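Some notes on the structure that comes next.
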């Protein structure tokens, strides 16, 4: 009858001596840092980060070497902070395959069996898709049209129209103006010739 209380006490002691965030969420392409808090009695022990459904069979990814320096394995690094009674795990360049169950663990025994286990705490990692922003297409502004006139020179109508880059002599608007003005010009020329015609006096006067 003493076996069940002993196992329960062992489990509770391991769970209470180490505490992680429970769950964390990162974005694909970014980095994610997990803090795992522990009691002062575990300052000198190695800490490690493993992945799996169960803490007794999870696969170790990276672990400390008893020193306060960063240990790295691929995109995952770990560092112990004894002064803060915590160790941190950083996962860089996240992708959707990194989502799953992980464990903060402290190595207290070298040979694990059914009677002994390392303190551990489950951390569920979620990875959300990267946020992409649509590219904005910009169009160049239309340059303004300037009409440069020499003050010492009078430009004819044809020259003014030619210097305006927005108006062409072959455009329909120009042809329409010419067709409308041509009869008026011909009428004016006819009137001038009529007024200036020679006056012939009848013979005998």
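These residue numbers are counts, starting from 1, taken along the chain as shown.
Keep in mind that glycine also has a Cβ here, set from the backbone N, Cα and C atoms.
Noted in Swiss-Prot for the protein shown:
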DISULFID  36-104  disulfide bond
DOMAIN    18-120  domain 'Ig-like V-type'
CARBOHYD  154  N-linked glycosylation site
SIGNAL    1-17  signal peptide
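Cβ neighbour count for residue 104 (disulfide bond): 27 (other Cβ atoms within 10 Å of its Cβ, all protein chains included). Residues in the domain 'Ig-like V-type' (18-120) partition by DSSP class (helix H, G, I; strand E, B; coil) as 9 helix, 51 strand, 43 coil.
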